[in-house]
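Take a look at the structure set out below.
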Amino acid sequence: MAKSFPVFSLLSFILIHLVLSSVSGPRHWWPPRGIIKVKCPYEKVNLSWYNGTVNPCPGLYQPICGTNFITYDNPCILCVESLKSHGRIRFYHDGKC
């Protein structure tokens, strides 16, 4: 019994992993490869209570073109502009315009 426990544990772990990965679907890693699908938040977050400096967009350089034909340094900056324009500016395509 003592020798079969590690084998049983390993098989159980593999089975659970396979079931969970098939149920939860594929994982999406950042940065994505190929076509970038940008999903921006629909409303601003009130951070007036925060006294520090807020940098919502890190220094990632991944050029992206907006529907206004302006190139943004990364999807985060495009999302900020989308919020400012009340959704009129959206993702158009990967890369520079």
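Glycine is no exception: its Cβ is also placed from the backbone N, Cα and C atoms.
What Swiss-Prot lists as signal peptide is 1-21.
Taken from Swiss-Prot, the feature domain 'Kazal-like' applies to 34-97, supported by sequence analysis.
DSSP assigns CYS79 (disulfide bond) to a helix. Marked as disulfide bond by Swiss-Prot: CYS40-CYS79 (among others).
The N-linked glycosylation site annotation in Swiss-Prot covers ASN51. According to DSSP, ASN51 (N-linked glycosylation site) sits in a coil region rather than a helix or strand. Around the Cβ of ASN51 (N-linked glycosylation site), 6 further Cβ atoms fall within 10 Å across all displayed protein chains.
Under the heading disulfide bond, Swiss-Prot lists CYS57-CYS76 (among others).
If you look up Swiss-Prot, you'll see CYS65-CYS97 (among others) marked as disulfide bond, on the strength of sequence analysis. Counting only same-chain residues six or more apart in sequence, the Cβ atoms lying under 8 angstroms from the Cβ of CYS97 (disulfide bond) belong to CYS65, GLY66, PHE69, ILE70, THR71.
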Site of maximum Cβ density within 10 Å, from disulfide-bonded residues CYS57, CYS65, CYS76, CYS79: CYS79
